[in-house]
Amino acid sequence: MGFVTLLVVLFWLKTLLAYFVDFKLGLSDPFQFLILLLNPLATTILLFGLALYFKRARFFYPFIFLIDILNSLLLYINVIYFREFTDFMTVSTMLGYSKVDQGLSGSSLALTSPHDILYWLDLVLVLALMATRRIYIDPRPLNKRVGLAVTSSALLLFTVNLTLGEMDRPQLLTRTFDRTYLVKYLGLDAFTVYDGIKSQHTSELRSHAKKSELSGILKYVHKNYAAPDKSMYGVAKGKNVIILHLESFQQFLINKKVNGQEVTPFLNKLYKSKATYSFDNFFHEVGQGKTSDAETMLETGTYGLPQGSLFTQLGNDNTFQAAPAIFDQAGYSTAVFHGNVASFWNRSNTYKNLGYQYFFDASYYDTSGDKSLGYGLKDKLLFNDSVKYLQHLQQPFYVKYLTVTNHFPFTLDSEDSSFKTPNTGDKTVDNYFKTAHYLDQSIKEFYAYLHKSGLDKNSLVMIYGDHYGISNSSNKSLAKLLGVNPDDWNDYDNAQLQRVPLMFNMPGYKKGKVEHTYGGEVDVLPTLMHLMGMNTKKYIQFGTDLFSKTHNPVVAFRNRDWVSPDYTSIDGTVYSNKTQEEIHPDKALQAKLDAIQKHVNQGLNDSDSLNQKNLLRFFHPKGFTAVDPSDYNYSDGLEKEEKLEKKLGLKSTSLFSRNGDKSTQPFYKTDAPELGHKTTDSNRIKITNQDDTSGK
Ligand code: GP9
Ligand code: MN
């Protein structure tokens, strides 16, 4: 019993360390503080107490250690995860984690901190004390009833805990959209078990889903539909679409100067160019799926999932009626260029269900030595090295470039940048400007190529930032650079900082301007399709065309907070955008705010139900042919392109064919120093292409 007590107390202390040092749980009163002290105890006693059912010492000791190690591991991965996502790890994230861990290793290391040793020290010490016999192994069997007594007191304690939690926060278990609450009131173990039960429930939902469940969703979508503005409809019809996905790129970088130097001079130029429609009130809406959530919204017009990533959880077998397939069926070639491995975010599987014809992932480039960083090939090289594949694609094409260099922890080899970083006291924040500057330069080089090759004349380039780069926990360090007193920084400021760029650039176009319309990532697909002269009415999409007169300007965040042109709602507290202060609405205004919240909830709920129950398998938009993922295989992309070129002969529209069957690579100029570096055996990422079975 003494041994169990010792381990329980040690684990309790570790949990409190995580609660008070690593997690930000937002304690507002002493009562919550009390619950917090109490909540690790019930589950720890329950779990560790199970060892007491083993009569023999040789089973008891290994078992209790195993439980302790597993529970410490759960605690520790949550500590790491929280540092990046300011959130707890769901069971589905954990299960999908193996698919995204490749490449995460680099930044996981950067997410560690010296005091992390305390999460493991107790186990080491106890083992050492046992080995040196300072803790004595007690062979005497315990009465069976001791185990039972411990289990029932733990359960009783848990009931007390739950009751206290419900007293402070009614409907604790039903309003689970906020994971912090669950951990704050019930502890990490209870949260994880509860979450596991919920994911099991979702998988059951899917198998019981019926076609009739579509009707409510269709009602919402039809009511929400915003007809295109006639003057904008089809302005880019027939053009190539080139999507530049700017990793972790926030709007505040635009026009920002650091030490007198512009951070992103080239993007700044594009931003204000007459050839560009830019948006300055455009927000990312991603959840835990980060980049993959941005892609989900962009390609499918539906939201990411409330927990985890849709790509990893549902990408293998969900039915989509998504942009790649829609463009494909309108006569476009479709491709993604990305310098990370294809398995990251389960992309290679998901892309097949989205209907992408080609995926030029890391296996298509020389990523060896210092050509890559933790998330893959450096951007300047990605753009340069993509040319040999891009030029063989039949036009018109719909292509997406996923950049990676501007990714946490924002490190760069010294020869890649001489940008003078600010000195905020937070290395992450300082370096962010350096990698953003690098990204800007790589876009500039790519644009020079577009111009030289003539591609710019018949292309629409859409540029957007996928999500924040600086997480809320670091925003205070950023505040000064933005001209705000760090002490005044609050939730409202965090929400406003979720702006990311969105630009539709058509070289040669003259009517562009900076639009102030409020919108979010879910609005991009209908906007783009209308610019391309494609009808969206027959599809199920949750956003609305940003250029439409009836566009809904409420931006829904994944956690149900929202921003509108006038108000910002965070966790039920509403701020006025004008005064930036919390408001105390009268009855009429409250009704208006409630209606907005209801709309936000419904959009998210309907999108979740559509995706989680895979309802699109029952939906057949007229003229759209269902995607068959087995039609796609992402190995030998170049060979496939060249075969098609040959087959089409004079009819081939690829840039290569149009250039008199000559490579356009000489048009590309990059100052990337790595270009001249020899290929080495070492690699910062592990390259695999699961479609390549040739063994080369
Ligand atoms: C990796 C890249 C990064 O392939 O897309 O994803 P993120 O960590 O930003 O979600
Ligand atoms: Mn990203």
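Even glycines carry a Cβ here, placed using N, Cα and C.
Annotations in TrEMBL come from automatic prediction, not curation.
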### Task
Select from 148-165, 436-453 the stretch of residues annotated by TrEMBL as transmembrane segment.
148-165
### Message
Which residues of the chain, 6 or more past the ends of the transmembrane segment (148-165), have a CB below 8 A from one of its CBs?
### Response
4, 31, 34-35, 38-39, 41-43, 45-46, 49-50, 52, 172, 185-187, 190
### Summary
Within the same chain, the residues 6 or more beyond the ends of the transmembrane segment (117-136) and with Cβ under 8 Å of it are 3, 6-7, 10-11, 13-14, 17-18, 65, 68-69, 72, 75-76, 79
